């Protein structure tokens with residue numbers, strides 16, 4: 001079904017009009033400060049890239065952004081969070097490991113947060129609710145861990161991951177892996193590989209993910225009659241690996257395919273199809289015709 005919507009994409013969602021959480025004038029925990037410092041450092045390195053770069057370093061940064069972003073969407077999101085398909089562990093674990101270098105945290109934390117988002121979408125318990133403003137849902141929520149804990153409680157919704165030694169190992173050693181990787185990158189290519197790799201690559205990856213949490217709940221079109229503010233933003237599709245078909249996703253969250261129409265670019269789905277053709281991705285979930293009819297807008 002196409003984007004049969006009553007919203008032409010030019011209007012803002014009502015979700016942006018709500019009481020906003022105080023950001024600067026509050027108690028900051030050490031984790032908040034560490035996260036803000038890391039995100040700030042990545043963006044600062046990106047700003048320094050024009051003054052200290054090499055073309056091969058820039059290519060490295062773009063390739064890294066593509067690989068790590070695909071790992072986030074393929075592994076953290078569709079495989080681990082929603083269980084949209086199954087992989088053998090020897091393939092599942094490397095994808096989850098490579099997603100570490102998107103600098104978005106370890107699988108247990110990421111998956112837990114996203115499951116809470118779907119459980120409490122657009123409510124006061126949504127960890128990055130657009131009700132609290134664009135910038136809160138885009139990035140500020142990341143630096144307010146005490147508030148998120150108050151909203152959602154503990155990480156009791158990821159026992160399937162906590163029971164696996166590999167994900168506990170990543171949770172306990174994530175800093176070591178990231179520090180080792182970027183030390184090796186620096187020794188290999190020097191400062192340009194940090195400004196273009198960490199800086200450019202990290203900034204692309206960060207904001208690609210963040211725009212799903214913010215823009216895709218404010219602007220865009222609605223193809224399905226969901227009880228939330230989720231939107232599809234077509235032009236973000238290629239840059240977000242297909243994640244910006246967000247109204248499609250909230251309508252059928254277990255679906256391995258987000259770009260439900262042939263013209264809706266979904267790079268993550270193409271990767272899933274590749275592994276499915278090899279017999280490695282199994283139990284691939286898609287919405288049924290009955291599910292689509294239930295959520296379709298009346299014509």
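Backbone N, Cα and C atoms are what each Cβ position is placed from, and that goes for glycine too.
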What range among 153-173, 174-194 does Swiss-Prot describe as transmembrane segment? 174-194
Of the residue ranges 231-235, 236-240, 241-245, 246-250, which one carries the motif 'Histidine box-3' annotation in Swiss-Prot? 246-250
Which range of 55-75, 76-96 is transmembrane segment in Swiss-Prot? It is 55-75
In Swiss-Prot, which of 31-51, 115-135 is tagged transmembrane segment? 31-51
Mean of the pLDDT scores, which run from 0 to 100, over the motif 'Histidine box-1' (77-82): 99
Would you mind listing the long-range same-chain contacts of the transmembrane segment (55-75), meaning Cβ under 8 Å and 6+ residues beyond its ends? 49, 92, 95-96, 98-99, 101-102, 104, 107, 110, 189, 192-193, 195-197, 199-202, 204-205, 208-209, 240-243, 267-268, 271-272
